[in-house]
Amino acid sequence: MKFAAILLVTCVLFSLLPSHLSQGEESSMNIDAQRRPWCPSKKQVFGGSCGNDGAQQCLNNLLSTWDPSVRLSPVSCNCTPQPNNNILCSCPNMICP
């Protein structure tokens with residue numbers, strides 16, 4: 001009788017485990033989406049100006065919103081001034097997951 005109760009409790013716990021894990025994966029995916037606004041267009045608007053080295057400014061903006069692993073791949077960006085003291089950063093060779 002005790003064995004049956006233990007088996008039943010174990011089955012219930014294992015049935016709850018996958019739903020708990022999938023919720024964690026979903027929240028992780030939402031965090032990634034918030035940190036990676038660049039994909040799929042590979043463009044994003046930031047405040048500021050392009051300055052003397054707009055490409056580097058855009059790359060710095062990219063790195064501040066992207067996973068550190070992006071630094072392992074070569075990325076070049078273009079900076080285009082926009083109205084209201086904004087810049088459009090375009091990084092066409094960036095690899096999106």
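Backbone N, Cα and C atoms are what each Cβ position is placed from, and that goes for glycine too.
Taken straight from Swiss-Prot:
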| type | residues | note |
| --- | --- | --- |
| DISULFID | C39-C96 | disulfide bond |
| DISULFID | C50-C79 | disulfide bond |
| DISULFID | C58-C89 | disulfide bond |
| DISULFID | C77-C91 | disulfide bond |
| SIGNAL | 1-24 | signal peptide |
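In this structure the alpha carbons, written CA, of C79 (disulfide bond) and C39 (disulfide bond) are 17 Å apart.
Annotation for the disulfide-bonded residues C39, C77, C89: lowest Cβ count within 10 Å of the residue's own Cβ, C39.
Each of the disulfide-bonded residues C50, C58, C79, C91, C96 was scored by the other Cβ atoms within 10 Å of its Cβ; the lowest score goes to C96.
Straight-line distance linking the Cα atoms of C50 (disulfide bond) and C77 (disulfide bond), rounded to a whole number, equals 11 Å. Calculated from their C-alpha atoms, the gap between C58 (disulfide bond) and C91 (disulfide bond) amounts to 8 Å. Using a 10 Å Cα-Cα cut-off from C77 (disulfide bond), the disulfide-bonded residues that qualify among C39, C89, C96 are C89. The distance from the Cα of C39 (disulfide bond) to the Cα of C89 (disulfide bond) comes to 12 Å.
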